[in-house]
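First comes the structure, then the notes that go with it.
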Amino acid sequence: MVGQLSEGAIAAIMQKGDTNIKPILQVINIRPITTGNSPPRYRLLMSDGLNTLSSFMSATQLNPLVEQEQLSSNCVCQINRFIVNTLKDGRRVVILMELEVLKSAEVVGVKIGNPVPYNEGLGQPQVAPPAPAASPAASSRPQPQNGTSGAGSTVSKAYGASKTFGKAAGPSLSHNSGGTQSKVVPIASLTPYQSKWTICARVTNKSQIRTWSNSRGEEKLFSLELVDESGEIRATAFNEQVDKFFPLIEVNKVYYFSKGTLKIANKQFTAVKNDYEMTFNNETSVMPCEDDHHLPTVQFDFTGIDDLENKSKDSLVDIIGICKSYEDATKITVRSNNREVAKRNIYLMDTSGKVVTATLWGEDADKFDGSRQPVLAIKGARVSDFGGRSLSVLSSSTIIANPDIPEAYKLRGWFDAEGQALDGVSISDLKSGGVGGGNTNWKTLYEVKSENLGQGDKPDYFSSVATVVYLRKENCMYQACPTQDCNKKVIDQQNGLYRCEKCDTEFPNFKYRMILSVNIADFQENQWVTCFQESAEAILGQNAAYLGELKDKNEQAFEEVFQNANFRSFIFRVRVKVETYNDESRIKATVMDVKPVDYREYGRRLVMSIRRSALM
């Protein structure tokens, strides 16, 4: 079985730094490395049949293989892409970027051959002693078996490997500002215990300069997000370094960075997946890199919109969604500094059919164009729990419209094929009427009852196409205060004046207001609902002032208005909430909006519903 492995591969990697080979190795042991709040990293002891080496480390995109136990002790895998990092003491670490599990641990079962540890200090591999020549069969090498390839072949998290990562980045040399040469190391290998290092990274985000005052005077900072093939890191420059580097560094350009200070990252303020962050100091060097094609752009770790409800308040997430609709930008005044800032809500939907409200601020809000319903990828949006789950796009967040990544193409294909016909179910505050009027959470009246809507601590909102089957016209109108902002019932003083207790004023006139109880029904269920002024007028087709006059002067005509409203169908937007009165709990349903039925749109939605049901 030794012949299945790439004998001598470990020596070739450790002596020559050869990253062009794709060796077949066996995993002997895996152990996790503590990484704080970041995704775990794993160190692997691997064998090529002749030697073993414990200097293998997996990149975080391989974590699912370990967690699903596809990559485990005794399995055989092909290393398709890796990086060799040389530490300052001369030792080498191999970072595994892509691999494919060829044979599972269950199939192999045991360690292959009798490999001995590779002694890096000797510069030569230690060769296992030859096995006794017991029989010709024992020394013959079996051919590799044609087993099915395991599910361990990986694709980079956010970008296709061929398009984004290109060639593997092995160790290389760069000139720093002091004229000396230092090895370029991967971001993933940086720790506070290293003094001399250089990374080659792409700038994926650059903040504006922030200023503040304290006892030391005026201070300022700006921050960057940097990415290479192995990972990402946040860098911050203060004061003199702001003046020095801010004009020189551009987003999406690649630079050599060296001699920064590394410290434990504050995860409260960044979505960057790294335990450490970099601070520029007086010795920091930043130099442009012309050969930038092999480096990725922004790295995303997407959270599905339906999973946002499981995220804690104020956590930072990466999200991708179609801009289903958006609002106009408005101006608000920030209380803390009394500055006016632009604000715009956009509504994002993904393949789960869930919709989340995301708020853009400042320049992002002013310049946003959602007219073509773009795919938006947002890195580092903050989760809010106000009225559900919503997102705030921070100044440190990165927004990319129609990114060139597989998730975006998949989402666009789904939306064009079927998603655009869906209204979506909002996980954000629905009191405003949903997604720009479009997110209506369609339910049948039976579903409303069977799903116990309105039974929770907060009200639920839904929309339904239903028919009016009965209107309770008794006591449906009352005389109200004539002032514009008051709808309080007035008291007839029997002297030609009407008193409003709320306004503490007597008026010579009043206005009619309506509270109409209506029984609506669809093909499965019926429901009593309460309609206030605008909703009642929409159902009856007449305004309250005319109906009040009709009630006083022509009772028969008044009756006919109600008769004509029977068996008319509408789209009802309803709020449901359980209420307790005299120790008795019941669901109160209040109509928030009434619209005529668009039967073309209604028919299309029914067809899509039938198609979805057929796939279940």
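Yeah, the Cβs are placed from backbone N, Cα and C, and that goes for glycine too.
Annotated features, as they stand in Swiss-Prot:
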{"type": "DNA_BIND", "residues": "197-281", "note": "DNA-binding region"}
{"type": "COMPBIAS", "residues": "134-145", "note": "compositional bias 'Low complexity'"}
{"type": "COMPBIAS", "residues": "146-155", "note": "compositional bias 'Polar residues'"}
{"type": "CROSSLNK", "residues": "Lys22", "note": "ubiquitin cross-link"}
{"type": "CROSSLNK", "residues": "Lys163", "note": "ubiquitin cross-link"}
{"type": "CROSSLNK", "residues": "Lys167", "note": "ubiquitin cross-link"}
{"type": "CROSSLNK", "residues": "Lys220", "note": "ubiquitin cross-link"}
{"type": "CROSSLNK", "residues": "Lys244", "note": "ubiquitin cross-link"}
{"type": "CROSSLNK", "residues": "Lys259", "note": "ubiquitin cross-link"}
{"type": "CROSSLNK", "residues": "Lys267", "note": "ubiquitin cross-link"}
{"type": "CROSSLNK", "residues": "Lys331", "note": "ubiquitin cross-link"}
{"type": "CROSSLNK", "residues": "Lys410", "note": "ubiquitin cross-link"}
{"type": "CROSSLNK", "residues": "Lys431", "note": "ubiquitin cross-link"}
{"type": "CROSSLNK", "residues": "Lys449", "note": "SUMO cross-link"}
{"type": "CROSSLNK", "residues": "Lys458", "note": "ubiquitin cross-link"}
{"type": "CROSSLNK", "residues": "Lys553", "note": "ubiquitin cross-link"}
{"type": "CROSSLNK", "residues": "Lys577", "note": "SUMO cross-link"}
{"type": "MOD_RES", "residues": "Met1", "note": "N-acetylmethionine"}
{"type": "MOD_RES", "residues": "Lys163", "note": "N6-acetyllysine"}
{"type": "MOD_RES", "residues": "Lys167", "note": "N6-acetyllysine"}
{"type": "MOD_RES", "residues": "Thr180", "note": "phosphothreonine"}
{"type": "MOD_RES", "residues": "Thr191", "note": "phosphothreonine"}
{"type": "MOD_RES", "residues": "Lys259", "note": "N6-acetyllysine"}
{"type": "MOD_RES", "residues": "Ser384", "note": "phosphoserine"}
{"type": "REGION", "residues": "121-155", "note": "region 'Disordered'"}
{"type": "ZN_FING", "residues": "481-503", "note": "zinc finger"}
Between Lys449 (SUMO cross-link) and Lys577 (SUMO cross-link), the C-alpha gap once rounded to whole angstrom: 12
Lowest local Cβ density among Thr191, Ser384, which the record lists as modified residues, within 10 Å: Thr191
Counting other Cβ atoms within 10 Å of each Cβ, which of the recorded sites Lys244, Lys259, Lys577 scores lowest? Lys244
Taking Lys577 (SUMO cross-link) as the reference, which of Lys220, Lys244, Lys259, Lys410, Lys458, Lys553 (the recorded sites) have a CA within 10 A of its CA? Lys458
Could you tell me the mean pLDDT over the DNA-binding region (197-281), as a whole number? 88
DSSP secondary structure for Ser384 (phosphoserine), reduced to helix/strand/coil, please. strand
Length of the line joining the Cα atoms of Ser384 (phosphoserine) and Lys259 (ubiquitin cross-link), in Å: 37
Check each residue in the chain of Lys331 (ubiquitin cross-link) that is at least six apart in sequence and keep those whose C-beta is under 8 Å from its C-beta; list them in sequence order. Glu340, Val341, Ala342, Lys343
CB neighbours within 10 A of Lys449 (SUMO cross-link), counting all protein chains shown, number 16
What are the DSSP helix, strand and coil residue counts for the DNA-binding region (197-281)? 9 helix, 45 strand, 31 coil
